[in-house]
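To start, the structure itself, in C-alpha cells.
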Amino acid sequence: MREGAFDASRKKGGTQRPSSLSTAQPPSDSRPPSSSSPPSSSSSSSSASSSSPSHPPRPFPSASSPWFPTCEASAEKMDRAQTDSRQEPILRPVAAGEEASPAFVPWQTRAFSPIARGSLRGSVLTLASSCLGAGVLATPYAMQETGLLIGLSLLCMHTFVSFFTTYILMASSKFFGSSTYAELAHRASPRLPRRAVDAIIVLNGLGVCLSFLVFLGDFLPASLENLQLFPRATDHRAALLCASMVVIFPLSVQPRLSALRHFAFFPVCALLFSLSCVVYRSLHLLREQTAPIRLVNLNWNFFKSFNVFLFAFMQHINVCPIGRELQNPTDPRVYKVSLRAALLEYCLYTPIATLGYLSFRGVTKQNFMLNYSSEDQLMHVCTLLLSFSMVLGVPLTLIPTVDSMFSLLRSLAPAPRRAARAALGEAPRRRSLVAPLLHAERTDGLVRVTVSLAFEKEGGLGDAEYGGAEAGEATRGCGEGVESPGEVQPEQADAGARNRDRSRLHADSERSAGDREGSQAEEEREEERSGEERSVVTATQASRCEGSSSASSRSVDSGSGGCQDACESRETRTRFLALEEEPSGDREAREEREEREEREGQGRRGGELLLLMGRVLENRKVCVAACLLPVLLLALVLDKAADVVGLLGGFFSTLLMSALPSIIFYAGIGNLYYRPFTRSLLMVFLLGVTCVGAFSSVIIILQTFNVCCQVPRSVLH
C-alpha cells in the first residue's frame with residue numbers, strides 16, 4: 001500500500017514529504033546526476049539559502065504530518081535506494097543553525113550532555129529550583145495541621161493547579177508574543193493595568209526572598225555550629241546573613257535566568273539528598289512514636305496549610321522569562337516543561353511532607369528540620385546543603401523581580417527632555433534620518449538585512465560650495481557592487497529630475513537678471529529656493545531609508561563600509577545648514593517653545609532630582625541592592641517562617657498562580673481551543689482557589705494578632 005501510494009505520488013511529480021520537511025524535489029523523469037556530474041543540490045541549496053536566509057517556523061507536530069519520517073518510511077526508502085543502485089537523501093539537509101531532532105539522539109547522550117541555554121532540562125530545573133526550599137520545609141507542619149488525607153489531597157490539587165497555570169502562561173506568552181508576566185496580562189486583558197501587575201510581582205518577589213532568608217537564618221548558624229565549623233554561630237546569625245550577600249548579590253545582577261542554569265541542578269540534588277536522609281531517619285523515629293495518626297483534622301489552621309501548600313508550588317514569575325528563552329517553543333515542548341516541573345515537585349514534596357509528619361506527629365515545628373536532634377550530624381549536613389540552595393533561590397526570584405521594577409520605573413517616569421539631560425551634563429543625541437548601512441533585524445524565524453543607499457550627486461544638494469561634489473564622489477564609490485532596491489530607483493529618478501528642473505530655473509533667472517539693482521532680491525529668492533530644496537532632500541532621504549528598511553535581503557559588498565559614513569556626514573551637513581539659515585524670528589520662537597515645554601515637563605516630574613533618581617535606579621546593581629537591603633533587615637527580626645509563607649501564599653501567590661492565569665486563559669488560548677463549558681468550568685475552579693487563598697490570608701492575620709480563630713493546643717496534640 002505504501003509503495004503504491006509512493007509510486008503514484010512520484011508519477012505526479014515528486015515525493016510527498018511532511019510539511020516541515022518539504023523541499024523542492026525534481027520531477028520523477030529527471031534522473032539524479034551521476035557521480036561525474038557536478039553536485040547541483042548543493043548549488044541549489046546555497047542559492048535558496050541566499051535568497052531566503054531565514055527559515056519559516058515549523059508547524060506543530062501531529063500524527064498526520066510529523067517533523068521527520070517514520071522508521072518504516074525510512075526503511076522503505078533505504079530498500080528502494082539499494083535496488084535502484086542510487087542513494088537518495090532520507091532527510092533534507094540540515095541547514096546552518098539547525099539542530100538535529102532529539103529523537104535521533106540516544107537518551108544517555110541527552111541526559112549527560114551539558115545543559116544548553118533554553119533546553120528542556122535547563123527549563124525544568126530552573127522552574128523547580130524557583131520554588132524548592134522555603135515552601136517544602138513547611139509542608140510537614142501543614143500536613144500536621146490538616147491531617148494526612150486532606151494534606152495529600154491538597155498536594156494533588158495544587159500540583160494540578162501549578163501544572164495547568166504554568167502551561168497557560170507559557171503557551172499564552174508564545175501566543176501573544178510577550179516576554180514578561182505584566183505584558184502578557186495586559187495583552188490578554190487590556191483592562192488589567194500593567195503597573196499593577198508589575199507592582200504585585202515586585203512585592204511577591206521581595207516576600208519570597210524574605211522567606212528564603214528567614215530559613216537561611218535558621219539553617220546556616222545551627223548547621224555550622226553543630227558541625228563544629230564555626231563555634232557559637234547561633235550568636236552571629238545577623239553576621240552570617242550579611243555574609244551570605246557576598247554570594248547572593250553577584251548572582252542577582254545577572255540579566256537572564258539562563259545564566260544560572262548550571263547552578264539550578266544543585267537545589268534539586270540537595271533536596272534529593274535531604275529526602276534520602278529523612279527516609280533513613282524515619283525508619284527509627286516511626287517506631288518511637290505513640291501518638292495516633294490523624295487522617296482528617298479540620299480546624300482554623302486548615303487555611304494556613306492551604307496557603308503553605310500553594311506557596312510550595314509558586315514558580316510563576318519565572319515562567320514567562322523561561323518560555324522566552326526556550327528553544328523551539330512548540331506546544332509539545334511547552335507541555336513537557338510544565339508537566340515535568342510539576343511532577344518533579346510533587347515527587348519531592350509528598351514523601352517529605354508525609355514522613356516529616358509521621359516522624360514527629362503532633363510536635364512538628366514550622367521548620368521540620370529543627371525537630372531533629374542537635375547531635376545528628378547527618379541532618380546537619382542536610383541543613384547545610386539546604387542553606388546553599390536557599391542562597392541560590394534568592395537570585396532566581398530576584399532577577400524577574402528587578403525586571404518588573406525596571407518596567408514599573410519606566411512607566412512612572414517618562415523619558416527626560418533634551419534640556420534636562422543637558423543640565424546633568426549629558427550630551428544631547430540627534431536621531432539620524434539615515435538607517436545603518438547594514439542593519440540586521442532578528443525575529444523568531446526571520447533574519448532581515450536592509451541596505452540604506454547614499455545619495456548620488458544629482459540627488460544631493462548640487463552646490464559645490466556646500467560640499468556637494470565631495471559627497472557625490474564619496475557616494476559614487478560606495479554605490480558600486482550594491483544592488484539598488486526596485487522601490488528606491490523611481491524615487492531616485494524623480495529626485496534627480498526635480499533637481500535638474502530647479503537648476504535650469506536658477507540658470508534662467510540668472511540670465512534674465514541684467515541689472516545690479518535686483519541682485520539682492522535674487523539672492524534672497526535663491527536662499528528661499530535652497531531652503532526648499534534641502535527640505536525636499538531631507539524628505540527624499542527619509543523615504544529612501546523607509547524603502548530600504550522594507551526591502552528584501554540584499555548581499556552587501558565588503559568595500560561598502562564607507563557608505564554609511566558618507567550618508568551620515570551628508571545628513572549632518574544638511575541639518576547643520578538648515579539650522580544656520582533658519583530665520584532669527586523662527587529660531588527664537590522655537591527656542592522659546594522648547595523652554596516652555598521644558599519647564600512644564602520638569603514641573604510634572606519634579607525637576608532634575610527625579611531625573612537623577614531615575615538615572616540611578618536604571619542601574620541594575622543599584623536596584624538589586626535597593627531590593628536586598630529591606631529584605632535583609634526584615635529577615636534579621638523575623639523567625640516564624642510558616643507565618644511568612646502563609647501570608648505570601650495568600651496575598652500574592654493566589655494572584656500570580658491562579659487569579660491572573662484564569663483571566664489570561666479565558667481571554668486567550670481558552671477562547672480558541674476549549675469549549676465554552678470547559679473554559680468556564682476551569683476558570684471557576686481557578687477563581688475558587690484564589691478566593692480560598694485570599695480568605696486564608698485574612699485568617700492568618702487575625703491569628704497573628706490574637707483577634708480570633710485561635711486553635712486550642714489540645715486539638716493539635
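Backbone N, Cα and C define each Cβ position, glycine as well.
If you check Swiss-Prot, you get these features:
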type     : residues : note
COMPBIAS : 1-10     : compositional bias 'Basic and acidic residues'
REGION   : 1-88     : region 'Disordered'
COMPBIAS : 16-25    : compositional bias 'Polar residues'
COMPBIAS : 26-53    : compositional bias 'Low complexity'
COMPBIAS : 74-88    : compositional bias 'Basic and acidic residues'
TRANSMEM : 124-143  : transmembrane segment
TRANSMEM : 149-170  : transmembrane segment
TRANSMEM : 196-216  : transmembrane segment
TRANSMEM : 236-253  : transmembrane segment
TRANSMEM : 265-283  : transmembrane segment
TRANSMEM : 303-320  : transmembrane segment
TRANSMEM : 341-358  : transmembrane segment
TRANSMEM : 378-402  : transmembrane segment
REGION   : 462-602  : region 'Disordered'
COMPBIAS : 463-477  : compositional bias 'Low complexity'
COMPBIAS : 497-519  : compositional bias 'Basic and acidic residues'
COMPBIAS : 547-558  : compositional bias 'Low complexity'
COMPBIAS : 584-602  : compositional bias 'Basic and acidic residues'
TRANSMEM : 622-638  : transmembrane segment
TRANSMEM : 644-669  : transmembrane segment
TRANSMEM : 681-702  : transmembrane segment
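Same-chain neighbours of the transmembrane segment (622-638): 205-206, 209-210, 213-214, 216-217, 237-238, 241-242, 245, 248-249, 252-253, 398, 401-402, 405-406, 616, 644, counting only residues six or more beyond its ends whose CB sits under 8 Å from a CB of the stretch. When the stretches 149-170, 265-283, 341-358 are ranked by Cβ pairs under 8 Å to the transmembrane segment (378-402), first place goes to 265-283.
Against the transmembrane segment (681-702), stretch 303-320 shows more Cβ pairs under 8 Å than any other of 196-216, 303-320, 341-358. Highlighted: of the candidate stretches 196-216, 265-283, 303-320, 341-358, 196-216 has the greatest count of Cβ pairs under 8 Å to the transmembrane segment (236-253). Here the transmembrane segment (265-283) has Cβ contacts under 8 Å with residues 115, 125, 128-129, 132-133, 136, 344, 348, 351-352, 355-356, 358-359, 372, 376, 378-379, 381-382, 385-386, 388-389, 392-393 of the same chain, all six or more residues outside its ends.
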